Each structure stands twice: as C-alpha cells, then as structure tokens.
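**Student:** My structure is below; once you've seen it, I'll send some questions.
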C-alpha cells in the first residue's frame, strides 16, 4: 500500500526543496540584521567538502561529518565575518561573493585533496547508511511494504524535514526574544541600536555566523544526499539562486524564504513539459515580481491580513 | 557631580565644531545646552555618547573617564540619549521599541532565548512590565502595539524618551525634544521631564524653545560657534549681554528657528 504511494522522484524533489529552504534561511538570518551576504554558496561548499573528505578518508560516521562540515563553515564565518562586517550593503555583498569565488577556486586547484574540477565521488550516502543501520537493528523496508530504494529516499526526506523544522523553530524562537529584537533594531537603524546599548559587532557576527552554519549544514547534507560534488555546485550561480529564493519569497519574514525556496525549486519541475521555455518563464516571473512587489511575495502586512481573515472566520 | 566635560575640542577637517568647551552637571539637575544653529550642541552630545571621538579633552562620568569607549558601553554605564531627528525603530511596535531600550538591562543570550529558560522567561516578563510602565509614564500605553512609524509626531518624540529611559540611565540627554510640538504638547513634555528629574535622573537638554528652557532648567550653558559663551542660571543667562548679542545680533539665527 505505502509502496504504491511513495514515488522516489517526488521524494527527491522534496529533499531538494528542503535543502534549498535551509540555504534560503542562511541568507535570511544575516539579512534580518541588515547584512546582505552572498557567501552562502561558499559556506555550502566548505560544509560539503569538509564532510565528504572526512567521511571518505577517515571513515567517520556521516553524522560526525555533517556536524564537522557545518562547524567548519561557521568557523570560516567568524573569521571572515569580523573584518568584513565593517562593510555594509552592496560592499558586503561583493566581499562575500568574492569569498565564495575564492573558496571555489581553492576547490578547483587543490588537486591532491579535492581532485580539482572533477570533484569528489563515492561520498557515503545518507540514505544507504540509514538503511544499513535499520537492517542492523533488524528492520527491513519490506516489513512496511516498501522497496529498499523507496526507503532510502523516504528516510533522507524525513531527516531533512526534521532538520528544517528544528532550524525554523530555532530562528523563530530567537527572533521573538532579546536577541531577535537586537538583530532587528540593527537592521532598522544601526546607530540608534548602538546608542541603546547594543553591541552591534557582536550581534552582526552572531547572525552572520548562524547563516554560515546553516549554509554549511545544507552543503554537507547535499554532499551525502547526492553522493557526488564538484566545485561547479558552489559557484556564484548558486549564491545568486539562493538569494533569489529569499528575495522572491519575501525577505522580511522567514516564511518568505521557505515559500521562495519551495516555489522556485518546484516550478522548473512542474514546468518540465514546456522544456526550455521554463527558464524563460522563471526569468519573466522574477522581473515582474521585482517590478510590482519588490519586497517579495510575502511580507508582514500580507501575513497580518491572512491572519485577520482567519480569525474572523473563526468567530463565525 | 554626575558628568564633567573637560576642555573638549572637536575638529572636522579644518573646521572646529567645538573649541575647548568645559562644563559640569550636578546630580539631579536639569541642565540646558543652548545656542544658535551650528553652535555645536549636537556635536557635544555626539562627544558624550562617543558617536564621534573628541579631538582633545576628556569626559568624566561618575568619576570615570569615558572618553573614547564604545557607544554601547556608554549606554551600559548609564548615559542614554534621544535624537534631534527622531530615530525610532520605525517598523517595530511601540512596546518593542522600549524593550530594545531595555537591552542593556537584560542578559539573555542566544541559547537561553531559544530554549526559553526559566531565567529568560522571568527576565522577559520583567522587561515587558517595566516597558509598559514607561509607556504609561509617557502616555503611550494604549498605543503599545502600534507600529512606531504610525504614531503622531509628538508621540514619537515621547516614545524616544521612553526608549531612552528603558536603559535605566543616570544621565538622560534630550536633543530638541520640543521641536515641532504645539503648546499643549510642550506643556506635557515639561511635566514629563520634571517627572524624570523627580526619579533622580539628571537631564541634559538641547532646546530652542526658550520659554521652556528658562522654565525647566536649573542651569544653562550657551554655546556659540563652538565656544562656550556663558553659563549660569536662567536669570543670569537672560541678562547676559554676550548671549543677547549672539541671539539678536544676527537675524537669521532666530531664537526659535
């Protein structure tokens, strides 16, 4: 029964959507303190390569690799963050974009470690490892009526889903607190925030580093979901794509990032039947949106209206 | 003595915005800083809060030299200000503006905020109570959920004062709080500043509304072209010839410009 419903193709798209949501959040978090960072592709690459190399060469469990990847990305975030946070706006965007390119070029040229532009293959796959673990404790996918590869894709999807929920929970909780108010006040008026006793450097580094962490985490997961990575996966195209998720969905509210990543990952798949025209549609959609709704699809006002309607409906 | 400003000079390029200005304020005083436009009054505020560092001179606050320390640390030590051109967090609610003002009075970090520890929840509750109490003081409690930019002009000025008070300052700096206010609003501002004083907070105020300054201040320092022209009680200032000349000698620098 379950075996008939589970379509591995859909599960795979679902997994990509979830990874892209993490990436969109990695842009959203620094942006919520007024920092436009285009470093997500670079941080993603650091997470991916760190985890892939550790698991391939040292036979470490995937979980350890992923955690190490995310931490390596955040360490780089701190190192790069402290000097570059003197920059703001477009200047920070360009500096972080440059950082991403530097990282990519290192991946291309450090042949002995990264195998250059060919990339790394044979990265241990998350789904297979979960399957082996399940078998180790005496569980067979057939017991719930699904095939092995269905189980693999389903387990990846569920792991990612749980992680995205945890990240959302984390970010929302943080937002509705002293830390979140500090971040948002820096975004709205940095000078006034500082004269209210807020250590702006500290909070900027925190949010920048959190962004790097989420990007590194997404990168490490990406490596173990796909099983193959190359420097091209972390080029500036990726950085721009991720930025578009956040800007398209609405950069003022976190649900905007979620929606943007969901919609823009799904749309090319849904539009597969018009083949090459789909990226034209994608482009036109972006141009129209920026013209009529520069703040993105979702913003605080729209959410308020939706909530208001719902509560009115509730009374009836 | 709460604060002692000692021989402050500030040069921007070749221009001196402040030249060797000194004054000191006693605890509990309302101290006025007046002078024609461009006299260096706001620059003096920026020196005290170290938004700009003075070229030379020292600022001693409660016996401690605070010259050159970071602005957020100055707030932590007990000096908070408002701005001449209102600088609220325009997209935040009135209540949240005041709660940001209470930042230095609270301590929760990322971890305790995300996990909502007992201490964090207690602190947050206390912060809300204190902020609401301050909103009541400035008469904005009923607007606590209004987005700051939707408040009327006079209300925004009062909110800025509440936000500054939330940092629990010993010295409050007000930069033209009555600017753009009508007579009725100015009257209630007077009452508000007097209440602030009665809570033991020292006030340093820049203001162009002379009747208000004369009624409100215990002592006044007059600046003109970056130099200290006079200092004294309101009566002394009103009868000081140099001051009269500075104000009336040039028509474009009207008193309440």
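Yeah, the Cβs are placed from backbone N, Cα and C, and that goes for glycine too.
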**Student:** Of A:36-56, A:120-140, which range does TrEMBL call transmembrane segment?
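**Tutor:** Going through A:36-56, A:120-140 one by one, TrEMBL gives transmembrane segment for A:36-56.
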**Student:** For the transmembrane segment (A:89-110) and the transmembrane segment (A:36-56), check the count of CB pairs under 8 Å (sequence separation 6 or more) and say whether it reaches 3 or more.
**Tutor:** yes
**Student:** Looking only at the recorded stretches A:6-29, A:62-82, A:212-230, which one has the largest tally of CB-CB distances under 8 Å to the transmembrane segment (A:242-267)?
**Tutor:** A:6-29
**Student:** Taking pairs 6 or more apart in sequence, does the count of Cβ pairs under 8 Å between the transmembrane segment (A:151-172) and the transmembrane segment (A:6-29) hit 3 or more?
**Tutor:** yes
**Student:** Looking at A:36-56, A:62-82, A:212-230, which one has the highest count of Cβ pairs under 8 angstroms to the transmembrane segment (A:6-29)?
**Tutor:** A:212-230
